[in-house]
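Listed features, source Swiss-Prot:
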type     : residues : note
TOPO_DOM : 1-94     : topological domain 'Cytoplasmic'
REGION   : 1-30     : region 'Disordered'
TRANSMEM : 95-115   : transmembrane segment
TOPO_DOM : 116-119  : topological domain 'Extracellular'
TRANSMEM : 120-140  : transmembrane segment
TOPO_DOM : 141-144  : topological domain 'Cytoplasmic'
TRANSMEM : 145-165  : transmembrane segment
TOPO_DOM : 166-176  : topological domain 'Extracellular'
TRANSMEM : 177-197  : transmembrane segment
TRANSMEM : 198-218  : transmembrane segment
TOPO_DOM : 219-256  : topological domain 'Extracellular'
TRANSMEM : 257-277  : transmembrane segment
TOPO_DOM : 278-283  : topological domain 'Cytoplasmic'
TRANSMEM : 284-304  : transmembrane segment
TOPO_DOM : 305-342  : topological domain 'Extracellular'
TRANSMEM : 343-363  : transmembrane segment
TOPO_DOM : 364-375  : topological domain 'Cytoplasmic'
TRANSMEM : 376-396  : transmembrane segment
TOPO_DOM : 397-412  : topological domain 'Extracellular'
TRANSMEM : 413-433  : transmembrane segment
TOPO_DOM : 434-441  : topological domain 'Cytoplasmic'
TRANSMEM : 442-462  : transmembrane segment
TOPO_DOM : 463-473  : topological domain 'Extracellular'
TRANSMEM : 474-494  : transmembrane segment
TOPO_DOM : 495-656  : topological domain 'Cytoplasmic'
DOMAIN   : 525-648  : domain 'STAS'
Amino acid sequence: MSARAHPVDDDGEISPVERSSPRQANTPYVHKVEVPPKQNLFNEFMYTFKETFFHDDPLRHFKDQSKSKKLMLGIQSVFPVIEWGRKYNLKLFRGDLIAGLTIASLCIPQDIGYAKLASLDPKYGLYSSFVPPLVYACMGSSKDIAIGPVAVVSLLLGTLLRAEIDPNTNPNEYLRLAFTSTFFAGVTQAALGFFRLGFLIDFLSHAAVVGFMGGAAITIALQQLKGFLGINKFTKKTDIIAVLSSVISSAHHGWNWQTILISASFLIFLLISKFIGKRNKKLFWIPAIAPLVSVIISTFFVYITRADKKGVQIVKHLDKGLNPSSLRLIYFSGDYLLKGFRIGVVSGMVALTEAVAIGRTFAAMKDYQIDGNKEMVALGAMNVIGSMTSCYVSTGSFSRSAVNFMAGCQTAVSNIIMSIVVLLTLLFLTPLFKYTPNAILAAIIINAVIPLVDVNATILIFKIDKLDFVACMGAFFGVIFVSVEIGLLIAVGISFAKILLQVTRPRTAILGKIPGTSVYRNINQYPEATRIPGVLTIRVDSAIYFSNSNYVRERIQRWLTDEEEMVEAARLPRIQFLIIEMSPVTDIDTSGIHALEDLYKSLQKRDIQLVLANPGPPVINKLHVSHFADLIGHDKIFLTVAEAVDSCSPKLSDEV
């Protein structure tokens, strides 16, 4: 921003002079705030559009390239595997092989359990860890994320689906609606990425996500009490009161002690394995393979003891073979189309939030960048293709991704290795899971969701921002006391409410001068800062829009009234100048201009002059276009608060 100089006379009025005029002795040198060069409407629109949707300049690699090179770069942007695949070597493969085998041992038992969480046959969990990871490996940009079904999305999807169709009485329609929801989840994710609308998921605050995930984890754990205790008749509701009532009411006749012995023993084993892995990072493989070891041992135990004859519930038959096509099962018309769309949008957004958060976390650890919009397209494509190959909503799994990271994965090939292992399982090993007890699946899921209850993050949220803590607790209690969808609705609602509150009620502060400097700061933050006699300086910490313009005007007037009462009580010089520090005011609209005009008229009646300090380019431009700068006088707009104070109070050095 350029600036011009003009001196101030002894009466505090600013008299313009030419830049070439010599400055008089002891005359403060002040700077005029310049209006930025005017742009035509099209250029201004294109600049705003680019900064909003293309701030990362995704087309920069295409500049000054031949048509053939641009075509290749375009293909690589959609399929990053083409770029990194050229540099792939045996050394990278070793790391990916170990990581892929490790996460495969973790995903197989988890997939069976998560499918049951969504009220689907266990084979659909395995299907969902075969096709989607292959698609993501070709299109995704994260090296560390491990793809497959996850607990929270499985619970959410199952809850929403059961609200429409009973899976016990109408399993075929239920399955069709699941595939339809998965299709629209993928379409939603891909559309957000393609149209670069990924910022929409940022409206769900971190605090709300922490609360929602924690509540969902407890809900999932409570749902596993059916398999953990061997209860046959169990509530279909997910709230904590209904679940605990169902558990207690079946205590005398519904619990199976053999089931409890199996589930409790292996849960302790899994927790000890996790503890060992946390204490010694080199032993990360122990908690990774513990679930598969538990499945093998418990299955063998049930088989040789025939515990299933004594009330221990088992998985029973699992079909062999690859994913069958499910394209014809998707609803593209009829009553269930809109229901599938609604469920797909909700589950797709939650899955997207989790995957992007996981991808960014591990990318930061390895110091590389992922493109959020490309990730959304990749996740969307894999779910669209997955819906056509008998898969349900898949996303990035935090537990598997953490194991993948610690196992030393180098590229997305670890997902391909995992898919191959799942493929071999589907072709040859599924009959071996016939005697796998449901109790061990319950123990595995409980062990997997425990880390989702992040107590340390909740405590930190409480310390940092109490309103964030309210959002966190609102989502948490909404999930565990009502339902998953209500908890999600509360999380989104409170997140939006916080945004609206911050937009409509921006902070304002009175500024004072730091002794020995020309710096003006918040007097509450710096108690040593001194007020200037006859001058009130207020900073507005937000853009001034229609949503907050009246509040800003009223808040400034209230500051002024309080200051005048204090000055009158202390018999100090009355307020003659009101300086508004506008550095944080990034923009202003028509309502904001009208609010300043109303403030100016009100100050005139009280014989107080309005002065502005350091308005930014968009603001100063609009002040000139609206002629507000002409109204208050160009000599009342300054580059800094210090210059404004010096100009308004030329005898300041004698008084302070």
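Cβ coordinates are placed from backbone N, Cα and C, and glycine is handled just like the others.
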What residues elsewhere in the chain lie close to the transmembrane segment (474-494), defined as a C-beta under 8 angstroms and at least 6 residues from its ends?
155-156, 159-160, 163, 203-204, 208-209, 211-212, 214-216, 218-219, 237-241, 346, 350
Could you tell me whether the transmembrane segment (284-304) and the transmembrane segment (257-277) have 3+ CB pairs under 8 A, leaving out pairs under 6 positions apart?
yes
Answer yes if the transmembrane segment (284-304) and the transmembrane segment (442-462) have at least three CB pairs under 8 Å among residue pairs 6 or more apart in sequence, and no otherwise.
yes
By Cβ distance under 8 Å, which residues at least 6 away from the ends of the transmembrane segment (413-433) in the same chain are close to it?
88, 92-93, 95-97, 99-101, 103-104, 107-108, 111-112, 122-123, 126-127, 129-131, 133-134, 136-137, 146-148, 295, 299, 315, 317-323, 404, 407
Whether the transmembrane segment (343-363) meets the transmembrane segment (442-462): three or more C-beta pairs under 8 angstroms:
no
Note the mean pLDDT of the topological domain 'Extracellular' (397-412), expressed as a whole number.
90
In the topological domain 'Cytoplasmic' (434-441), how many residues does DSSP put in helix, strand and coil?
4 helix, 1 strand, 3 coil
The transmembrane segment (376-396) versus listed stretches 95-115, 120-140, 177-197, 198-218, 442-462: most Cβ pairs under 8 Å:
177-197
Work out, from DSSP, the number of helix, strand and coil residues along the topological domain 'Extracellular' (116-119).
2 helix, 0 strand, 2 coil
